[in-house]
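**Q** Mind having a look at this structure? Questions to follow.
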Amino acid sequence: MGDSEITIARNYLKGAGGFLEGLDALPLTGQMTTYSVTKNGLPDYTPDSAATGTAWATGSKSYDGAISVDRTGQPLKSLLKVAKETGRATGNVSTSEVQDATPAVQIASVTSRRCYGPSTTTAQCSGNALENGGAGSISEQLIETRPDVTLAGGSATFAEEATAGDWAGKTLEAQAKERGFQYLTDKADLDSITAASQDSPVLGLFSTGNMPVRFNPYIAQPGKATTQECTVNPDFAEVPTLKEMTDKSIELLSESKAGKKNGFFLQVESASIDKKDHAADVCGQIGETEQMDEAVKSALDFAKADGNTLVVVTADHAHTSQIIDTEGPGLNSRVTTHDGSEMVVGYNTSAAGGSQQHTGTQIRVAAYGPGAANVVGLIDQTDLFYVASDAMTNWDGTKPSATATPSASVEPTATPTAPSTVNVYTTPGTHDVNGRRWQTTCESYSKTTRCLTNIWSTVVVRDGAAYKQVTGWHFNNLTYLPEMTRAQWGTNPIANTGEFTSEGRQWRTECDTASSGSNACRSFIKTDVVAAERNAAGAWTYSTSKQWVFNNQVLFKLA
């Protein structure tokens, strides 16, 4: 799911100027390199999902096809296993087979991604097979790893029998049930579940293979494309949506004993964005991008209410689909977007009937919550392991104790509330200062350190034609610590008085003023501000206007 796939979905579903309520709502964004390595250590610029999943799950580069093993085939510890070791509840959700690369990297370590069950493991990953003293197939290791919640497809492999160990001769489904798993097969089963734990983990497998997708296929063809509309796949209604699986997982994990005490780790994948891109199926990939957007919104809604949850959204690699002006020499499709305009999507890495290929460009990574600033800039896929593990390590178990009360105006002020006992903008951690709750995280940035400060508050946001209140952690400002002199900042516009335009937005910087303080600069961005007024009848009315809003400050090192 690269930028192209997101843009295609936004254009079709919302229009060119539209807004995806999950994917587009993440406040901090960076770019991420995704290359894998060959077994001799050279870079592979067009990686597969096994190597890329291994990168973020373990913090290590490996070869295409590797499931959480290094280049020599030795097992690596995943984020999910780190979370379990630190007492957290854990979950793993995908619309693919549960044995597919992305869900597999969190629960298993095998030398080939195809080693779903005992039979393929014996044939293709003999060193991992139980009968040879290994940890077993991906499915067997799932049972052994024992996440609190697992929801996906892939039940066919659970009909296989174990070839060795205590459950030799029994199916993997029977083994899971005997070992205490709540085994689910349909939406009704999922709806009925009220708790998950290590004593009684949830294993929901809702299809024999990959789960049905939202939209019927529209496969690109050579030459002039016929304009089509995306239509709903009737099989989609037979399984839970990704949003439903995400909502249930968050509910079960957050309410579990481990989740309440230590928090939880959850990985969620909309797998068939990639699979339908391989098939040159524009409607298929749009529908699954919409599924991802809905799941991200659910995660953000929880994180904003919780106040101590990090949400990171990215992809494993870029893909082939491109928005083009007119039909090209490859495969083409044409759809009418939300705007009523026609959009041509081209697929040009394989001929008709072949599988379209991954591409090697860097991809988007975006985040919300404590530690979200760590994804800003250019990072590598392996860095995500450390972003997530650091978030788990640094979590102090506290949540905001008070909910802010909306006032007559929710207009941001140009000068933030002055800290009293601690500088909330430069001191990492969660702080109660001047009756407000603040949260700051700091990271190395170029030659200095940058701190992100959020404030627990209630704001009013526009929701279509209406307005709604949202309580949670909201961005306050970025602070660059005094580690560079004014001369070292040079002509950087955030360190010099004046106005400038960046990425189409207006900025204004003032230095050494009463607002910024001496030896410092503050930058303001012109943005939409919602104001509230109570009318004579006592009802609230809202209006939106463009105003200058404080965004960041630079503190200079004394020369």
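Cβ coordinates are placed from backbone N, Cα and C, and glycine is handled just like the others.
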**Q** Considering the Zn(2+) binding residues ASP274, HIS278, ASP316, HIS317 given in TrEMBL, which of HIS338, HIS358 is annotated for that site as well?
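**A** So, going by the record in TrEMBL, that would be HIS358.
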**Q** Suppose a student reads TrEMBL and sees ASP100, THR102 listed for Mg(2+). Which of GLU255, GLU269, GLU288, GLU290 should they find annotated at that same site?
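**A** Checking GLU255, GLU269, GLU288, GLU290 against TrEMBL: the Mg(2+) site match is GLU269.
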**Q** Which of these ranges is annotated region 'Disordered' in TrEMBL: 68-89, 112-133, 398-419, 486-507?
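**A** My reading of TrEMBL: the region 'Disordered' range is 398-419.
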**Q** Given the recorded Zn(2+) site (ASP274, HIS278, ASP316, HIS317, HIS358), which additional residues of the same chain have their Cβ within 8 Å of the Cβ centre, ordered by sequence?
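**A** Here the non-site neighbours turn out to be ASP48, SER49, THR52, ASP277, ALA315, ALA318, HIS319.
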**Q** Measuring Cα to Cα, tell me the gap between HIS278 (Zn(2+) binding site) and SER49 (active site, phosphoserine intermediate) in whole angstrom.
**A** 13
**Q** Enumerate same-chain residues with a sequence separation of six or more from ASP316 (Zn(2+) binding site) and a Cβ-Cβ distance below 8 A; give 'none' if the list is empty.
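**A** Same-chain residues close to ASP316 (Zn(2+) binding site) (Cβ under 8 Å, separated by 6 or more) are THR34, PRO47, SER49, THR52, GLY53, ALA101, THR102, ASP274, GLN381.
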**Q** With H, G and I counted as helix, E and B as strand and the rest as coil, say where DSSP puts ASP274 (Zn(2+) binding site).
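**A** Once the DSSP labels are grouped into three classes, ASP274 (Zn(2+) binding site) ends up as helix.
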**Q** Could you check which of the binding-site residues (ASP100, GLU269, HIS317, HIS358) sits closest to CYS125 (disulfide bond), going Cα to Cα?
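**A** Sorting the binding-site residues by distance from CYS125 (disulfide bond), the top entry is ASP100.
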**Q** For the recorded Mg(2+) site, whose residues are ASP100, THR102, GLU269, find every other residue on that chain with a C-beta no more than 8 angstroms from the centre of their C-beta atoms, and list them by sequence position.
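**A** Everything else in range on the chain: SER49, GLY53, SER94, SER96, ALA101, PRO103, ALA104, ALA152, ALA271.
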